[in-house]
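Annotated features in TrEMBL:
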- 60-79: transmembrane segment (TRANSMEM)
- 150-169: transmembrane segment (TRANSMEM)
- 181-199: transmembrane segment (TRANSMEM)
- 226-245: transmembrane segment (TRANSMEM)
- 266-289: transmembrane segment (TRANSMEM)
- 326-352: transmembrane segment (TRANSMEM)
- 383-400: transmembrane segment (TRANSMEM)
- 420-437: transmembrane segment (TRANSMEM)
- 444-469: transmembrane segment (TRANSMEM)
- 475-497: transmembrane segment (TRANSMEM)
Amino acid sequence: MSFLLYNALIVIFAILSFQMFSFRKLWAFTGPGFLMSIAYLDPGNIESDLQSGAKAGFKLLWVLLGATIIGLLLQRLAARLGVVTGMHLAEVCNRQYPTVILFFTPPSPPHSQVPRIILWLMVELAIIGSDMQEVIGCAIAFNLLSMGRIPLWGGVLITIIDTFVFLFLDKYGLRKLEAFFGFLITIMAVSFGYEYVMVRPDQGELLKGMFLPYCENCDSAQMEQAVGIVGAVIMPHNIYLHSALVKSRQIDRGNKKEVKEANKYYFIESTIALFISFLINVFVVAVFAEAFYDKTNIEVVGIMTNQTHPHTDLFPLDNSTLQVDIFKGGVVLGCFFGPAALYIWAIGILAAGQSSTMTGTYSGQFVMEGFLNLRWSRFARVLLTRSIAIFPTLLVAIFQDVQHLTGMNDFLNVLQSMQLPFALIPILTFTSLTSIMDDFANGLVWKIGGGVVILVVCAINMYFVVVYVTSLNSVALYVLVALLCIAYLSFVCYLAWQCLIALGVSCLDVSCLGNRVSNNCHAVFIEEQPAYDT
């Protein structure tokens, strides 16, 4: 906890040093952090928020706060990599993972591309999973706004339009695109803020839940929800995205003072952006905690029956705790607080989905061109990355009813949780190498603290995966998962092994075993400085 507080105070000290602080310079660096923060407000996060409020009330707000702080520290690493090197994470991975290196064997020929291809596929899976959630979120918003007249598959087709909006705005420069995303974030803040003001949650309970790290009388379902919050907040593709977005500002990388200044302002901007996203998430948690915590299905059905509501079949006639998702959440808000609450909720979800699908498209572009070294036109790259996500989502929308999407959302959350090591381990590895970061490489505190944080986050998400798999109750699936886990863990161990070498555990570098006396030791990683892209 002291490590988190130490790094969180960096921003406060920077702001207090007014003579060294310039709002004009902060404005010049403002943009990438807000685009990055969109991933903290995507429909998957919103659904996690409302489920947290409905299941645990205000008790898990401290988990949301902690996950956001951890996310900020990880985003700091991503931004520093892009600022210092002039390359984003996918490009660095493409450069630094060129060979297959097995335990206790000499390195393979340098032409092998297996590790980087596997890493690219894992990150693409995370992007596809995230994009599917975002597109489905947009489709649900269209369904709610049209009172069911637009089916789920119709909403998915409508979201294809955002590809052309993205291309149109991108044509006029990144600042225009950043302004558009700022507008969408404002819509989310106003929409969910309206719901917050209307419901008027207990402020004392809210502050207690946010700053008291304790979950009184919590059962296994609530603890699993706490794990789900961490998985929803920290997303693997966002690390790749942020490291690329910071390249949009011109920086003289030969001037260490200018690089240091850029790192400072990007961190301050990211802190402000994630603080705003945290408040919006708190709005959603608080609304459902105040209005629907400890509510039962029979209570909700009774109120809906009195209002002759068309969606009474959504909830079973029993006394079990109310289960909500994005769609059901909008329905019960409209039922309890009037049609305006439903429509404003849907507008907020639409803004969240539209903004996150476009940042997902950006992530897909950077990852594909970085790992595969593609030099396609912008239109071709956008078309390919959107198609990869749209087609499976369209199939799900055609064969799945809008009222029964929670199971698919749980699966997509698990999919993204499994991909976290493929972003967190590389970012800690490369920001710890002086051959890449020079004087800006991680110090001892960041190496140890970052390693512990990443280990904890990955362990929490693996627990979430195990809980999901055990709930399937299928022996055949258990066998399949066991086989996949062997391959999965082998590659994670490969990345962790190289990360430990970068952190200074040189005894693990097999290329040095036979050459220590002669000092003829070739590190696993490429040592010469890259040709910086300014």
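The backbone N, Cα and C atoms fix where each Cβ goes, and this holds for glycine too.
Contact counts against the transmembrane segment (266-289), taken as Cβ pairs under 8 Å, peak for 60-79 among the stretches 60-79, 150-169, 326-352, 475-497.
Per-stretch counts of Cβ pairs under 8 Å to the transmembrane segment (226-245) identify 60-79 as the leading one among 60-79, 181-199, 326-352, 420-437, 444-469. Counting C-beta pairs under 8 angstroms (sequence separation of 6 or more), the transmembrane segment (420-437) fails to reach the transmembrane segment (326-352), with fewer than 3 such pairs. Ranked by number of Cβ pairs under 8 Å to the transmembrane segment (475-497), the listed stretches 60-79, 150-169, 326-352, 444-469 are led by 444-469. Counting Cβ pairs closer than 8 Å to the transmembrane segment (326-352), the top stretch among 60-79, 181-199, 444-469 is 181-199.
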